[in-house]
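Structure record follows, encoded as structure tokens.
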């Protein structure tokens, strides 16, 4: 006869489906300095109270599950659980709320963006009670920020390495992005650097394809860098994309770049992953390489207003994982980026202490406790007429990257680079003299055209080019 089993009511624990509000919605909770804080934009399913949704987000991204389990009694849930401590409606939106969740520090592995994201933006985003969920911001406490090494070098060390001060840096993505042979690619790099740019760049999808294997590209680009340096007397660089299918292959490419003596390499941090990115950042720090970060795939994650992760969170994550440059949008070019929102996360990349400012989308005061800053990269559909706005918006600590705005010059690559260099220096000088670039920028560019035929030709080509589309990511 088979043994009989019996579950007795009241013995051990009370089984059943949980009402999350009873455990995880705690409006009286006093936030600790060591808590990781998250602001979620929630859209509940019809009929689901926002308090239940906020509590469910806190539960499913920390210690909770859908039912009571007997092993809850083996630990202290009050110590480890996430808590939804505040909920506020989103102005002007129907059935949308900002839920504030506090997570105790012990839930997360030290120095691991991968673990942080696995918890906070993991399975909870598929929760049925929610129609949509977006992580708008994170507050990284000083105690957790200090477990990360951050960027390999940071803005000031980069300037010292390059011996370039008092102006923004200039870059150019080599086009066409795919199809050039390694030798022709190196030729384009040389022409741009000789013309006056500080950097040129591999496009994000240039890895090691049949038309141009990575080692060939590295060798021809290194030759171009050294030739341009010898002719101009300036330190030059090219973002050699080390992104690869495995971490081992990625690091092999980084080692080759180091042996060639080039100053900077590149990684696609979202497609490559945070574990790979942190490993590459550590290598760059140990071996004196700067690390340029491209954000390919970001719009899949951050462009929808109601669901996903805002780019300011991805930018914070990159600062912790490690990178000296990060693409940040332009405000004025062809790619998405509203001015106040963009300036908000640019400050989160560069500054050491950033005050809460909801007008710029910053939900929490952030203290990076001396973690090195990341230089923003403005790239995408920009040309010489945009230079006054770019200098006014980004200031000096930014890399302004003109791809088509260099290579599309009617006289060739080197004149295109010269036009951008003249425009940058003219705008920087005008700003330093106290002129208002927002109002007088066009006059500054036109005046510079009188002594730079390269700039005059560029201004004529791009005088009618505009990208007039409504931005999606608004406050």
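Glycine residues also receive a Cβ, built from the backbone N, Cα and C atoms like all the rest.
As the structure is a computational prediction, the values presented were derived from the model and not from experiment.
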Further substrate ligand in Swiss-Prot, beside 123, 173, 177, 295, 327, within candidate set 62, 76, 230, 379: 379
Spatial neighbours of residue 295 (substrate binding site), counting only the recorded positions 175, 201, 203, 204 and Cα distances within 10 Å: 204
When distances run from the Cα of residue 327 (substrate binding site) to each of the recorded positions 201, 203, 204, 294, the nearest one: 294
Residue 203 (Mg(2+) binding site) versus residue 173 (substrate binding site) - Cα distance in angstrom: 6
Length of the line joining the Cα atoms of residue 203 (Mg(2+) binding site) and residue 177 (substrate binding site), in Å: 6
CB-centroid shell, 8 A cutoff, Mg(2+) site 201, 203, 204, site residues removed: 173, 174, 177, 202, 205, 206, 239, 241, 266, 294
CB contacts for residue 201 (Mg(2+) binding site) [other CB atoms within 10 A, all chains]: 29
Per-residue Cβ crowding (10 Å cut-off), top of recorded positions 175, 295: 295
Recorded positions compared (177, 294, 327) - highest count of Cβ atoms within 10 Å: 294
